[in-house]
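Chemist: What Swiss-Prot records for this protein is below:
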TRANSMEM  16-36  transmembrane segment
TRANSMEM  55-75  transmembrane segment
TRANSMEM  92-112  transmembrane segment
TRANSMEM  117-137  transmembrane segment
TRANSMEM  172-192  transmembrane segment
TRANSMEM  201-221  transmembrane segment
TRANSMEM  228-248  transmembrane segment
Amino acid sequence: MIFPNINPVIFSIGPFAISWYSLSYVIGILLGWFYANKIIEKFKPQITKKNLEDFITYAVIGIIVGGRLGFVLLYNPSRYFSNPIDILKTYQGGMSFHGGALGVIIAAYLFCRKYKVNFLSLTDIIATVVPIGLFLGRIANFINGELYGRITNSSFGIIFPNSDLSPRHPSQLYEAFFEGLVLFCILAYATFKHKTLEKRALNLGLFLTFYALFRITIEIFREPDMQIGFILDSLTMGQILSIPMLILGSSLICQSTLK
């Protein structure tokens, strides 16, 4: 199957350009904010709409700074250390989910400390809405023809323009489906059916656990990062970074359900 060659740039006016990738971040944050407000209205956790509104700026900074530094330090440090100015060129791509997640957690901690908000209540809300952004981000990765999968002979293999001429797994779409849509449904079902927000850290634990399981599995189909390759002969960086998430998530689930 030939890649549906979609221009990564939606439109441009002079040097100013709007890309699908940047738009996915904007829409993801707005939809996440809207969904989080609906959750707060229904369940009235120890988070108010005003708290959420005040946190948006912290969240955006955490996502961008954490995501970018995570990519720079974990995936291609030699390039950026030799050309530090490139670190600021986020429009060229290069964001790490694990770095962004850590950035948001740090931002949430600083916010909660300043405004005297319960940290676990806030991170439970964040975890519940994050799959929206994950779904949109992976779709944008697919449009950009980046982060594609390994070579496959299956009928749904796609020839990406930025790779060789071999058909490859559309691993971005696998991630969009499982880390985005399926994970969103799991957390929505847990939240609305089983009222998991009543148990602090349970939604956070569910998110970390299922995201890690999905990511570790889908990495089997995803081409390892060229500048890193395999680690310990068979593991990818994404799998290694997801293992601590799996351990922490499982621990939070056990701790919150046994109380």
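Please read every residue number as a count from 1 along the shown chain.
A Cβ is built for glycine as well, from the same backbone N, Cα and C atoms used for every other residue.
Computed from a predicted structure; not experimentally measured.
Show me how these features fit into the structure around them.
Modeler: Note on the transmembrane segment (16-36): residues 6, 8-10, 52, 56, 59-60, 63, 91, 93, 125-126, 128-130, 132-137, 139-141, 143-144 of its chain, located 6 or more positions outside it, place their CB under 8 angstroms from a CB of the stretch.
Sequence-distant neighbours of the transmembrane segment (92-112) (same chain, 6+ residues past either end, Cβ-Cβ under 8 Å): 21, 54-55, 58-59, 61-76, 86, 118-119, 122-123, 126, 130, 134, 137, 144, 146, 238, 241-242, 245.
Long-range contacts of the transmembrane segment (172-192) within its own chain (CB-CB distance under 8 A, at least 6 residues past either end) are made by residues 39, 42-43, 127-128, 131-132, 134-136, 138-139, 141-142, 146-149, 202-203, 206-207, 210-211, 214-215, 217-218, 221-222.
With a cut-off of 8 Å between Cβ atoms, the residues of this chain six or more beyond the transmembrane segment (228-248) that come close are 74-75, 98, 101, 205, 208-209, 211-213, 215-216, 219, 222.
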